[in-house]
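Enquirer: Taken from Swiss-Prot, the feature transmembrane segment applies to 20-42, 57-79, 96-118, 133-150, 162-184, 194-216, 245-267, 287-306, 318-340, 355-377, 390-412, 422-444.
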Amino acid sequence: MNLQWQKYPENASKLFKLTVPIFISQLSASGMGLADIVMAGLVSDDDVSAIAVSNSIYFPLFLFVLGVLNAITPTVSYLNGANQRNLIAHQIRQGFWLVWAFVIPLIVVFLNSHWILDYMNTPAVFAQKSQDYLAIMAIGIVPALLTVNLRCMNDGLANPKPAMRITFIGLLCNIPLNYIFIFGKFGVPEMGAVGCGVATAIVNWSMFLMMFHYCYTNKPQKDIGLFNKWFEMPSGKTLLKICKLGLPIGFATFTEVMLFSTSALFLSPLGSQVVASHQTALQTSSMLFMVPLSFGIATTIVLGRVLGQKLVEEAKIISYHALITGVIFAVIAAILIVLFNNIIPLAFTRDPVSIAIASHLLLFAAVYQIPDSLQVVANGILRGYKHTKPVLYVTVFCYWGIGIPFGYVLARTDWIVQPMAAAGFWLIFCVSLSLASGLLIYQIRKIQKIPAATLIAKLERIK
């Protein structure tokens, strides 16, 4: 197809204006996790491992619900582009019902995490810390998801700056709170890894109150009328539409995260050094992943608005410009990892064995930067088109059909080669992400071949 390079600067500018605040917001959120790992590492590798194993349970479930709620963003963006802002408040109110529907079972899981930890043969030396950490995180998940719902509205309105400011403030608060609760300052008992959970719960509640205050007082959003009603009965029709779009996103997010998170659980019997080095490489890769992830979210917002304006050909051009820009970011990230793979682990641990393992794993992380960037931007494009079911099918096949079983085989068994430990999972990460990126781009090409009138009619039915 004609990529219309003369439009690239204009389209890149649209995307960058949204990407920068989204990136800062994502980076701040990821920075909280990084601060937890780094500060817990000053206590012991056992505390780092406790957080790593806890996060392998917490984040897949949290991100599943986040994925479902993310269906609200392209819907709001589409309604905003179609000049139907009066329909937006209803979507957000129904989003609150979804939050409560999911949050109660999540709390039950977190309060009974010992069943999962026992099943995975997690070493007793940090299993109890993981249980206590998750019990505290159960307190903070309610405000975290309520904040996501309000953030999705602002993102859909192409207004990501409030979330950027609030999340950055959350990061600034998280670090001193970690210091107080991890090391036991100002009369607070020393909690180690569990202190990270206490700090995170406090920060989550604070961020929700700030986001609520912004949405309540922001004059440009008054016409939406979100707070004209303080209570609205659940609408089966609207909730079904959100779930039809959001559940595939949620399950796709869950399957991808599980590819990474279950690796920590399967590696935990190999000891603290292996888990800590694996977590070091994973945390570094996750920080760099924030750029294409933010770009993918920005692409969803722009495409939703453009499709709401019925500009189907313009949406095609923006899609491919976004993919190309994602590759550029990935190449830069890969080069940085290769150049500094021996230095990066020093920020996480002082153990020489953990440093050596992490340095090796980071080279695998460099390899998969391009396919990982392509798949996340492609995900954003398909969400903008509200074409989410194929994303689920691709991710389940690539990450659960290939990634998890073959990662386990390479890491823990001698069925194919001698056990590769963490490197076995990282090799499969590269394979799974490469396959997923190719299949998702194929899905983009497929939906863009649909006649414009047919595509718009489909989008109107599910708005």
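Just so you know, glycine gets a Cβ as well, placed from its N, Cα and C.
The shown structure was predicted, so the numbers you read here are calculated from the model rather than taken from an experiment.
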Enquirer: Taking the transmembrane segment (245-267) as the first stretch and the transmembrane segment (355-377) as the second, find out whether 3 or more Cβ pairs fall under 8 Å, excluding pairs closer than 6 in sequence.
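Expert: These two stretches do not touch.
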Enquirer: To the transmembrane segment (133-150), which of 96-118, 162-184, 287-306, 390-412 is linked by the most Cβ pairs under 8 Å?
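Expert: Counting Cβ pairs under 8 Å, the winner is 96-118.
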Enquirer: So what's near the transmembrane segment (96-118) in sequence-distant terms, Cβ-Cβ under 8 Å and 6+ beyond its ends?
Expert: 53-54, 57-58, 61-62, 65, 68-69, 127, 130-131, 134-135, 137-138, 141-142, 145-146, 148-149, 234, 239, 242-243, 246
